[in-house]
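**Student:** Right, I'll just put the structure down here and ask away after.
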């Protein structure tokens, strides 16, 4: 029998395997493979039996048999135990590589490769690679190439963790050097695959390759997709149990991927061989390290660094080298220290874990050297520290870090904390609890550090640690922080990115839907499933309906039912892949990228039309169905009415009813009434349960067809809107657009676009597919009908409001004319924010919210729309990381500037080609751009800055994480000399601000300003900061601006004037933001004159009082914020009269609808015409005044654009939209609009009845509105002054006349801010060429004098003399002369003014010269010959002109002068006429007034008699001159108004007192005393300003030691403070300044050493007493508490600084302030009972005192024995004790001004005091310090003849210990003597003289203030030493006892006094 006919299968297996016939062997091999697959995997013995057979198979000579045998070998290795299979590898693999791997048969090669992979799988990877590498020695190139391919496939399948790739990398050079092309090709594939796994770690192994080969590989590397390679197979040891291996291949691969992701990155160091470097460092180099010459040390360090260049170092004895390098860290030479740090870094990186033993030799040196501020040294130190930490654990370096954090140097502290943060971010093992405790305690301590870097470092440590270990372990430490500090910790917690993973990898949940654990895949779904999915909101995993077959047994809907809804059009419910709901919910982004845009979603109908009609007939009867199909429309209408009424009673599904109506009467119904009724039925169904999307699809043909129907389009549109509420706007919009695409009627398309626009405003764009909507709009834009195109453009404009300006790029392919219309429409919406959604759709409707419920503004739909970027769908972001190649980065750093420019151009091109929307992964691009900031080519620097700004714009919000990386480099370019570079840098920073928070930019600016000293940089950066901080459109930093104070204060002391000026502008908004106290604290640390100047600046920016204490801050009724800006909400187009939103706007009134007309709008929606000015809140003006500085100050030669825009925004907030639009019109009719705007404003005030008749606003209300917005109107008038239209100018003058009449009628004075914004422009306008205009302007100037002080107006007119227009100078001089004539010389300072006027005499214009001479003559008539002295030097010619004019003047006639001026001054009084000063003082002390003792007064000569209104009658002196007196201008009729008189009286006194001329000040003070005594109401409106002037004059007088002027100043104060109505009218700021000046003068007494100056001390003391008695009690308490706190802080600082020269005076000042408080406290109960004090304000002030300096700080000072110790605290607690006794439990109702009162010190103290008083009341006894108890104990002990008051227990120190007057300085010495005497007193003897023990604790619990000594000023001056403060008399207060008589006590007291006097 032939071989091919023999059945070898009958032979035994052993025979077949060894048979000579190859076919027999083939049969045996196949059976053997089947046996291997069926054997038990654990049956090792069975597999061992066949081991020899497997080894022989590979030697088979027949190729066919060998191929079959390879299958058996593969099965043996695959299914056999790994331990058995691996033993066959040495015999099988060499033969396999030699005979099979390069065989001609493809199948054999594949099987051979599979066997190779199986051997790797059984954990023989290293051996397999070794055998494959041996294949490179084979003579056959094919075998060599196949072996290389085997290595490649092994790496691709298992990765580099399983294989030993080190020998492979070493063999790459040999592979690429092969002469065979195939070997080199496979080598290339292998290298690329290794690069996927190892990355740049293989680059060092490619150096032997040829440049061409390396270039080819680099190109292949750059083309690889981003991301890390993942293995496709796992070794047997990692596969787990065989059951897991039996799972699906897909699941196994997924698990493998997840497991691989958790593995660490491959360490490139493991691929390298270590290098011995110790032998290369000779002894000479080591000796050079310790050389005395720094150059030799530097060369030695550089040599060692070069030797340490190899990445991996061989282990050895490095101790000596590391020790020397550690010491060199502290080398004095910077380069040596940097080199040493770099060497340590290289050693640590090269030795890795072996360096841990040397850690202690270098860490302490590295940390200590971080005190240096050189950036290059700090970088080297940080790198070394990080490298050292990589070799050890956190516990090894934690002690060093804690020690560094405790260093005295703040820089060392901060750097230690920063190092710890870096350690925490890179640590791989969670810290122990003890380590957590150490770090937290260190951080909590650092959180209170005075340096912000240390505080921030501490917060960052805790935030990062919280990220590492979690909240459970950190909770106990976080509780120790207050809320502000916790917020900072949480801020760093959110930013922290750590490598440590606290939990294991997240396992994927099995995708199951039932309890069986498997995913059920059924092709059909139940009707219930369909219903649930249809009603599910978009975005949920059950809301999408994929293509489904109709369930068997149901009727398919007909083809015409249109149940197919295209998912490609707008439907946000995409098909969900077959996975679990959880997985589907977490991966929407992936699915979105893969879904086809043309995919259709088929909604399965539950009911066919036939089945629906049958169900309807069964429920409602055939009769009703017949009526629906009746031929008479009335019957059909009645039937439809019946259906509508019975909807609730007939439980039919909505789809049944709609499908029935589609047949009967049918969607082709022609009667409009029946159609309307059908629509009503569908509206009702939309709100019924069971309403599905299939119902929407069924009704859509009927409803969409009604677009274009004049009668039914409104109801149909409303019905569709209801469908949107029930389902979603997106779904309904998709159906509508599908219909409109095929609509033939342009009218239908137009109405459809209007419906879309209206509903977009109602529902927002949440869930909307804007890209498809834009495509639909583009179809409408191509329509031939103009109305359709107009509607499409209008819809685009509305969509632009939501999407932004980038929408234009999607429609720019239309024709130019249409694009221009689109641009014009877009311009209307520029800057507008989209309105909040007013209706909810199904996607956002919460459960339980019905359609009828009212929907509030700000619904969830609008929030979703805000959280999702609408442009993401339109213009998705592009990943450009693959385009940022290494070559591009190299080009950016190339030495040739042209190459660098090409690289920058390429980057710009890449970003712009991505539509300027890129993803944040841009690699090292920003790092490369940083290098270009220092480029020598300035054009490249500017281009780099532009690219940085472009990247920020293109990346968006994610760019914020890169701001800190790049900001310092960008900011450094602000110091460049080139203007274009600075402008590019500012533009880049602006772009950063658009994508980042202001907090990030502020912190970066703080660092740059702190480190940089370049004047230009600081000026530019400060200017940018001030601009942004004052910009109302820029969000203010949430973290505050306190961090900027230090660099700003530093800049205020800069030598460069521009820097100082910029810092001043920037200081305002920082201080105004709430940093005033911090600023004062930092300035108080300064010394020298700079501190006083900065303090003056701070006072100018001092913020207003807090709400409830001073002015209340709030929002006006109209919604305008205090800053003048409105609450920015863009109202939708449909608004009712009251301003509320309409729920459903009519389709007939929609934009773009043909039926819309202005008449219809006025009829259907009557709008109330708003008045021109909407607000009357004056606080907004104050806010605008605060911002009128710097770049935004209203001062210019030509109106600037930014100022016009600022005024526009301010006017929008307070004026009607109509007036604002007219005011700033820019079209061709702008002159007409401007005139109309001024006319509207003028009409309201021209007639009192006009505003009420036209707007319904009363005359009083409209006047208040005009007053509140005067500044805006005056600014606008100045803008129109620059126009040339005469008609507008005349109307402006009319308006100004009426406006000033209103202001005068309201007794309103222009503020300095208003005057500075208007008067300079008015003066400049005086040079108008038209005489009629100038005449009107002169009249307005006269009106202006009634609302603006003449002294202010005089200065502005004086500035007019600088004008180049001669007419302006002439008019200014004439007005100056008029002011002098009407008001006298008191309106100016002649010595400063007359030289300026005299200079005009030499002007080229004769009229100017004449006007100047007239002014000089007028001044001469008023001031006589003093005029020539004030003018100074003028030419003889000019002087002769003046003299000639004076000679021509007529002689003065008293009668004419007397009658021509209603008010003149009394004759001058010479100083010689006053009596002796001592007599004056004695007389003042003896004089009385109103029955009350006058403690102090100054007598002057009798003053002239006054008129009835308190104004002096006119008199003339003998020479014809007049003395200055308050003069007020007359009104238009020549009469003097009462308001004018009062106002200008005060102005006159202010000007004269502060004139700087002693004689004028004396005369004004004398007259002021007379007015105070006779008519105090004259100065009442100006009392605060007068007090300010007197305070300033007091300072000048005392500094100049002018005793005479001091007497008059003090006398005026005594007279004013004697009047309660005047004392209480003084403002707090003025009162505070007065207190400080008076108390400081009492203490210093520098000008009072003479005999005449001694009584002034008593007079000043009396001033304080009268202020405390007659002034506002709350204001006095507030000022004294604030002054006590600040003075104590100064005293504390002086003691710390050991400034012995200033400590005594400051000590006395603090004591004097406390005495004032004691006096007020003594009367506190009476004040409370009489309601003359507001307790809640006092408690608030005390709380502020405690917040500034906590009680613990006072106690520490007492323990450290600082002067006064805790006496201020005890004083304040005494005040609280008095309040607690006076009010009892009701005091708890007075904490309304304190935020969280229960957490305040005041609340705890008061609560304790009240409870203690209650306990004593219950026990029937009073506390020891109670005044009632004291009174009861002493009752009956005093006789009628005993005048001594009860004994005091009060522990407060007394000023004296005897009945005489003793100075405070002697008190301590006498008190010590007294204590020694008392120590000798026998026990039981009561103390005498009422002096308490020093350590008495009673006051700590609140001593009674009634026991305090009265603050009395002794009249006897015999005991008053010149250097002592005013003595306080302590009346004898002996303590009566039951066994001691009063006489004995007095005798004992006398003995004590005699001993003390000795």
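Cβ from N, Cα, C; glycine included.
No curator has checked TrEMBL annotations; they are predicted automatically.
The model shown is predicted, which means the values in this text are computed figures rather than measured ones.
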**Student:** From the ranges 833-865, 866-898, 899-931, 932-964, grab the one TrEMBL calls region 'Disordered'.
**Tutor:** 833-865
**Student:** Could you check which of 225-245, 246-266, 267-287 is flagged in TrEMBL as region 'Disordered'?
**Tutor:** 246-266
**Student:** If I go by TrEMBL, the feature region 'Disordered' sits on one of 1448-1477, 1538-1567, 1568-1597. Which?
**Tutor:** 1448-1477
**Student:** Pick from 1348-1385, 1386-1423, 1500-1537, 1614-1651: which range does TrEMBL record as region 'Disordered'?
**Tutor:** 1500-1537
**Student:** If TrEMBL is the reference, give me the range from 1815-1861, 1862-1908, 1909-1955 marked as region 'Disordered'.
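**Tutor:** Among 1815-1861, 1862-1908, 1909-1955, the range TrEMBL annotates as region 'Disordered' is 1815-1861.
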**Student:** On the 0 to 100 pLDDT scale, where does the domain 'TOG' (1205-1455) sit on average?
**Tutor:** 87
